[in-house]
Amino acid sequence: MNCEVKHALHCAVLVAWIVCFAYFCGVFTEPAEGTVPASPVASYGLVWTICLYLLRFTALLVLPQCLCNLCGLMMFNAFREKVQLKAAPLLSPFVCFRVVTKGNFPLLVKENIDTNMKKCFEAGMENFIFEVVTDKAINLPPNPRVREVVVPTAYRTKSGAKFKARALQYCLEDDVNILQPTDWIVHLDEETLLTTNAICGILNFCEDGTHQFGQGVITYANGDIVNWLTTLSDSFRVADDMGKLRFQFKLFHKPLFGWKGSYVVTQVEAERDVSYDHGMEGSIAEDCFFSMIAMKHGYSFDFIEGEMHEKSPFTMWDFLQQRKRWLQGILLTVHSSKIAICHKALLALSLYAWATMPLTSLQIFLCPLFPLPRFLLFDFLLSFVGAVNLYMYIFGVVKSFSHKYRNSFLRLGMYLAGALMTIPFNILIENAAVLVGMFGRKDQFYVVNKDIQTV
């Protein structure tokens, strides 16, 4: 089955799923007589009726994100398996693969640098270097293509930026930076592994040179899986990359909903102009804050074909702490006076949809207990949100585990069932992250362990 047929089948299944989900939710049928009060105010009282309707409307805060995910999944083919180079890699611009680490897992960094460098040579790259930026010296073996940058303990940014933002800013200082304005930087996490497709996608993006910033898809199910629960939960993020991330960059060339901190490709001159020096509010989710400032400066973004591989958190605690940090960082970004409402409006809606998740989750219990009169459009939109979010898990599994189920539909069925069974866990952990994040300290940067040898 070729990629075009797969995409057409996926689009048909997605539309059918949305319609069927709405039907089974009772959107198109009238409720049995006497099951829904004619006057909610008379039955529940004015205050409780207002609360019930507010909860329903709050559930639609995520609607713009769901619409963008739907458009991204349907408009762009996600099943093309090979990225073709548009020009000879020998003629490509100079690329610096930059890895930022605290230096706690030196062996992991060394092994991944070696693996990724071999992958670059396999793809035919010549104009590249790997740069490891660390708080503690790793003492990498001497190599003309590897540069180790140790951030001095005494180093302070002008605005007081901390954590990863501080390290990233140190690389941009005049006496540290060795790159030319027209060179390119590929930001990787400690555990990120390159693929030939990702390298080809990056070279095509840099060769084109139309946009200053780009990002592609990251999957989490390659190699040995340490924690199946967190890995299956992260299948949603894979679909999110193929959905709204691709849609916002392909159509608008803007990070309307922000972006991730890994598989980030930037032009040196543009990155130095935007900088990571934005104080404490830009230090928790430095990637998201950076994207908003870059959009404010008028820079453009594009989607990069090809995927990279990472690992999901190994423990439930790390998974919770990771989500908590993201929530807090995005909260600081949305509430920053440095970013205009017009630039962060959609990001704000997504944040508030996440922050009110404990309230909207209550509707699972409240809707059957306190039914409200039907309104076709409103009820369909609520079912649409649920249908799209459920489909994201299914699609994410199909993309993440494609290399594992190619010769077995039974395995695919098991992965899909597993992903659906993790949804209650995901809802629980996201709710916990909201509660801990909203009421906890917002000046901490939790580092997730991604070194499988320490587990």
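Every residue, even glycine, has its Cβ placed from backbone N, Cα and C.
If you look up TrEMBL, you'll see 184-395 marked as domain 'Glycosyltransferase 2-like'.
The transmembrane segment feature in TrEMBL is assigned to 7-29 (among others). Same-chain neighbours of the transmembrane segment (7-29): 1, 70, 73-74, 77-79, 376, 379-380, 383-384, 386-388, 390-391, 395, counting only residues six or more beyond its ends whose CB sits under 8 Å from a CB of the stretch.
The transmembrane segment feature in TrEMBL is assigned to 41-63 (among others).
What TrEMBL records for 375-397 (among others) is transmembrane segment. Only residues 6 or more beyond the boundaries of the transmembrane segment (375-397), in the same chain, are considered here, and those with a CB under 8 A from a CB of the stretch are 10, 14, 17-18, 21-22, 25, 27-28, 56, 59-60, 62-63, 66, 69-70, 73, 232, 234-240, 242-243, 412, 415-416, 418-420, 422-423.
Only residues 6 or more beyond the boundaries of the transmembrane segment (409-429), in the same chain, are considered here, and those with a CB under 8 A from a CB of the stretch are 228-229, 232-233, 235-236, 316, 319-320, 323, 357, 361, 390, 393-394, 396-398, 401. Annotation source TrEMBL lists transmembrane segment at 409-429 (among others).
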Study note, to complete from the structure: Mean per-residue pLDDT in the domain 'Glycosyltransferase 2-like' (184-395) works out to 94
